[in-house]
């Protein structure tokens, strides 16, 4: 009996010891987790600080170089240089009436001033000062002596492509992207990298590393995205030509917001080697690098310079199709399709008015015919092809890329939606279907695809949609399409709440049609008044937020979008040029 009692007492003691040991282990584990979290947080802060310090140092060194040059060259007329178009600038550089040094330092000085106002640069490419000294070896290049800005995700050797995320810091590119190599071969001098939104898939321009880029026309508005740093720098006069990338309007939207021109070529026309995406492998909605500038001729000259034997040699996956100057310069009559909304997104009154004014100008031009065009099944395309295609994994890869770092306010609304567990998304779809037309299909699409068979089925459906759209286009007997752009420039923190509006631009990434944005007007007081009475197509929460997003835009740029069939990039640019000329002629 005593032995039994001793055994029981022993068990009790062992149990108490086990509880104490377990508690101590839990406490130590919790403490280690806290220490690890604090340590990781400190490491993130240090990474961000180092990136900001590198930027500050590069800006200061550039300022010193500019000051030194200006003091030793007091006759340099920067104002006259900055007023030249790209075609005028390249002509004078080739003739020798302008020297590359004067041009370079004039644009560097202006870029530094614009950056102070707009926060659009992520780093000055200090190697550009060395390249300037050897640029005479490329005098035959189409862009000889031209300073060019490039988006943060365009690889330049020894510089980060951050994509606005912590994970990509301190991961410098091992070599230049193909586009940068070709630009250098053509005599251009890449001199700065420009800002973008966190994780790219957003049309604002803010991230936790470099902060918010603001609009050159109104600093209370966003510059757009994701090539928003390019839009701001070029719109502010700090660059004459830039390279962006576009997976859903990322060139065209900042061009629209900032009052410049932007062109998304057919995907595959320009090399994407060294253009860093937020994640690879997504093939439904295609990304494309492309030029941004103040006028359409500059876009065409950039395309002509890039579409050369050197690019075709560096990247054999690009079809060797040189720029067709004859098509760009043609005056052959065009048959133009036209619509004011796509049945999914209702543009605000200012954008519709701008579209109608351009339509009227085209109809007045003797050789143009404008016919109605209705996009096919846009709601299905947005939900089943675009959203489900981009987030086929239920947004898991996107969320993984953002782990370990702070979340930017511009992206937060999207991430909240992406982070909802799949089972809860499905419940919300069921509960919200009687009350909302657009939200449940988006939530359902964000659940992703469930099997390889479903992936193949979706890809086949996308192929059918492209074929159906081309057949519809040909049935309408049109050469090009005039349609709305997203705009005018948004107030802050609305872009992440209104990803649905990308139907106006992202559809052409899905279809892989070349598309460009051209500024045609500015927002009037009457536009602002008409906005108050806009009812919209769905009269839902998104449309209410859309009105709030674009309010207070008087005086801001209004743009239209020009589109052509795949591989007809020169025709699209030719149409953009015609729109630009008609608008310019009307103003004069």
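Glycine is no exception: its Cβ is also placed from the backbone N, Cα and C atoms.
The annotation domain 'Amidase' is assigned in TrEMBL to 106-573.
What TrEMBL lists as active site, charge relay system is 151 (among others).
Residues or ranges marked as substrate binding site by TrEMBL: 200, 226, 247, 248, 249, 250.
Under the heading active site, charge relay system, TrEMBL lists 226 (among others). In sequence order, 151, 196, 197, 200, 201, 202, 203, 205, 244, 245, 247, 250, 254 make up the list of same-chain residues 6 or more apart from residue 226 (substrate binding site) whose Cβ falls under 8 Å from its Cβ.
The active site, acyl-ester intermediate feature in TrEMBL is assigned to 250.
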Open item on the list: Taking only the residues the record lists as binding substrate, namely 200, 226, 247, 248, 249, 250, what is the largest Cα to Cα distance between any two of them, in Å to the nearest whole number?
Closed with: 11
Task: Among 200, 247, the one of these binding-site residues whose Cβ has the fewest neighbouring Cβ atoms within 10 Å - done: 247
TODO: Would you count the other C-beta atoms found within 10 angstroms of the C-beta of residue 248 (substrate binding site) for me?
DONE: 28
- [ ] Mind giving me a neighbour count for residue 250 (substrate binding site)? Other Cβ atoms within 10 Å of its Cβ, every protein chain shown.
- [x] 35
- [ ] Identify, in sequence order, the residues in the chain of residue 249 (substrate binding site) that are 6 or more apart from it along the sequence and have a CB within less than 8 Å of its CB; answer 'none' if there are none.
- [x] 203, 486, 502, 504, 505, 506, 509
